[in-house]
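Okay, so here's the structure we're looking at.
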Amino acid sequence: MLTLDVHPTGRHFLQIPGPSPVPDRILRAMSLPTIDHRGPEFGTLGRKVLAGIGQIFRTKHPVAIYPASGTGAWEAALTNTLSAGDHVLMFETGHFASLWKKMADRLGLSTEVLSYEGSDEHLPAAPGWRRGIQADMIEARLRQDTQHRIKAVCVVHNETSTGVTSDIAAVRKAIDAARHPALLVVDSISGLASAPFEHDAWGVDVTVSGSQKGLMLPPGISFNALSPRALEASKTAGLPKSFWAWDEIVDMNKDGYWPYTPNTNLLYGLSESLDMLLGEGLDNVFARHARWAEGVRSAVTAWGLPIQCADPAVYSPVLTGVITPPGVDADAVRRLIHQRFDMSLGTGLGKLKGRMFRIGHLGDSNDLTLLATIAGCEMGLKLSGVKLVGSGVQKAMDFFSSHAAPDTLKKEAA
Ligand SMILES: *Cc1c(COP(=O)(O)O)cnc(C)c1O
């Protein structure tokens, strides 16, 4: 029999960039009794979360909510808008962009991937995995496509494997500048509710997201935010779909219900998450993550280690990737930190395996949990024999104490 005989004291530090630590408030909300998903109480809950999630995506149009992980919502975005053999243009920002391409290939789409063409001193094998989307390359490619064979441009907003956030408004401008009718389909699974995102204002046709990153929920629900053009495309899109089909979901959602059983208790959690995020105000939420990210980067810089994101204009507010010195296996460092200090850090994915680790700064967190996170990394790096230039803990303490969080300043004034 498999028994879980180790239960360390104190809280586990879940510092991976999703699933993020879930606030107690949300866990408590989820422990309410499961109700009839066709009953009157459920309709009230359904209508509330559907209205609230629109405010998070900043859209006036429908948002489909699936009882599935983010990967399911990726599939939904493609199968509802495209037909077999359709040509889609993607941009290789990292591991998640590559996985989405693999899915598109498996679904029978014809994929074309653009990637950054420059070089990189720290990661010569994957220079594009340190930078954001180059919108000018997308524009140039679309201008060549005078026959409009490209049906969709699919891009990742916050590349969780690298800690790079791309400029989605620039991608929309590139499509418009080329006067190209392709749909803009965006993965903001880890960007939503942590990094600024504007579904309507940026002219996104489908935004894909998930529950376990910025929304601070456990894994298990995912989203497609839609545009009128995406809904129009879904009427003629030929890829097979049934569970993912938007038409029945959008229709039944008008009254707050679903065609099949939604995950009731996760929706209680979503309702609580919406109260928290909208109560704080989304712009405050974004500023909070940007400040945390800056504090964490100050520590990495003090250690003298390179940050995975090479372009300061597109640093992710959600996570920071840390490149370990040549010869130091980042996964061995992570294992040591887990064993000694009960903290989980993100692994290097795909081309980055063993070369870097990722520090998540999202979900239920504050200055002191982040300082402890940095302390765990610093101890683990030293124990692994990495020569650090200086103390990241000291640097982050200096940063957090000299840059007070806006909400704590408000408290002082009161
Ligand atoms: C987490 C994540 C996914 C995958 O979502 P799952 O919920 O694991 O299926 C896809 N893309 C990005 C950018 C992610 O962060």
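Backbone N, Cα and C atoms are what each Cβ position is placed from, and that goes for glycine too.
All annotation found in TrEMBL is predicted automatically rather than curated by experts.
The shown structure was predicted, so the numbers you read here are calculated from the model rather than taken from an experiment.
Straight from TrEMBL, the features:
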type	residues	note
DOMAIN	52-294	domain 'Aminotransferase class V'
MOD_RES	Lys213	N6-(pyridoxal phosphate)lysine
BINDING	Arg358	substrate binding site
Long-range Cβ environment of the residue listed as 'N6-(pyridoxal phosphate)lysine', under 8 Å and at least 6 residues apart: Pro17, Gly18, Pro19, Ser20, Thr160, Ile189, Ser190, Gly191, Leu192, Ala193, Ser194, Val318, Leu362, Gly363
The residue listed as 'N6-(pyridoxal phosphate)lysine': secondary structure state under DSSP, collapsed to three categories: coil
Those residues of the chain, 6+ apart, with a Cβ under 8 Å from that of the residue listed as 'substrate binding site': Ile16, Pro17, Thr160, Ser161, Gly163, Gln308, Leu319, Thr320, Gly321, Val322, Leu345, Gly346, Thr347, Gly348
